[in-house]
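Chemist: Questions regarding the structure given below will be posed in turn.
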Amino acid sequence: MHRFYPALRHQQQGHSRGNRRQNHCPLAGFSGLNVLAFSYPLSPWLHDHRFAGRTVFPAVESMRVLLAAYAGMQDKDGPRLPLVVSGARFPHLIAVDRAARRLDFQVTAEPEPVPAEGAGLAACPATATVLTLFWRKPLKAMTRLLRVAELKINGTGTTAGPPPPCPDGTLAADARRIPAERIYRELVPFGPAFHSLQGDLLLAGREALGRLQALPAPELPGADWLGTPLPLDGAMHAACVHGQQLADFVPFPVALGRRRICRPLRIGADVQVRARQTGRTAEALFYDLWLFQSGELAEEIRGLEMRDLSGGAIRPPAWLADAPNRQDSP
């Protein structure tokens, strides 16, 4: 049994291990296309991530699955941190009934040359690794292979500019406060396993500040170096709430420009989040996110893109859009 996923099948096309480099570069020693096929068990807690009455596979878990598969392809415990991921996209939702017990996945990994001006990794060859997650969606008489997530691993690297200060729980005197209980009851109606926001979320101007806690969940493959994905999911909830003040739709994550993982966030960790709106169009909102633990940067997201995925069927409540300076209570 593979240490990351059961029922794992690994195929390499044009693959050559040779003398494996030990510097944790993207797919060091690999060439050509690499394929992993495996069955992913749907734990009961994942069914708390629901949209329009169906279980929706979280975008943050899609990224974690890809990174764990990447480590498994190299027979390593995981890349050295910090790790930089870029160009993540989530083109299709995985939506299944609550009775579903597993998902059949396929991961492909392929090296991609990096332009000289973007390499910046003296110890690594100038290549990135493109990872793609496919879901074998069951149909009546066949299965359909759907591309559900993709990202590029660029190795270790520096931040795209210094992060802002760690939130200290204060904003302008007129900052709006929305209790987490109300957020998960009316604005982000997920089940208890995904209630990562704690206390009040503060909203002022282009920013949202809040506190997150990684709630208990079964041990996940790759958690030793990746940590739990739930704090990042909660940070996206903060951006979603902020965005519902601005747009006539409920924003869901569809892409991100750059993710830098500095340290794994463990179950029970107390995390501060700062979400900052950086742009908008008629159809999309854009955010940067920073997650801090004990005052130190744990993770940052640049260029989170959020859009309406309900076809206009779900809209923000009037009380949120119509009263930007009002303080709300449960």
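Note: Cβ is positioned from N, Cα and C throughout, glycine not excepted.
Since we're looking at a predicted model, the values are computed, not measured.
Features from TrEMBL:
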ACT_SITE  His49  active site, proton acceptor
DOMAIN    10-315  domain 'PKS/mFAS DH'
REGION    10-150  region 'N-terminal hotdog fold'
REGION    175-315  region 'C-terminal hotdog fold'
Chemist: How many other Cβ atoms sit within 10 Å of the Cβ of His49 (active site, proton acceptor)?
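Modeler: A count of 19.
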Chemist: Quick check on the region 'C-terminal hotdog fold' (175-315): DSSP residue counts for helix, strand, coil, in that order please.
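Modeler: The composition, in the requested order, is 32 helix, 66 strand, 43 coil.
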Chemist: Looking only at the domain 'PKS/mFAS DH' (10-315), what is the model's average confidence as pLDDT?
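Modeler: Within the domain 'PKS/mFAS DH' (10-315), the model's average pLDDT equals 84.
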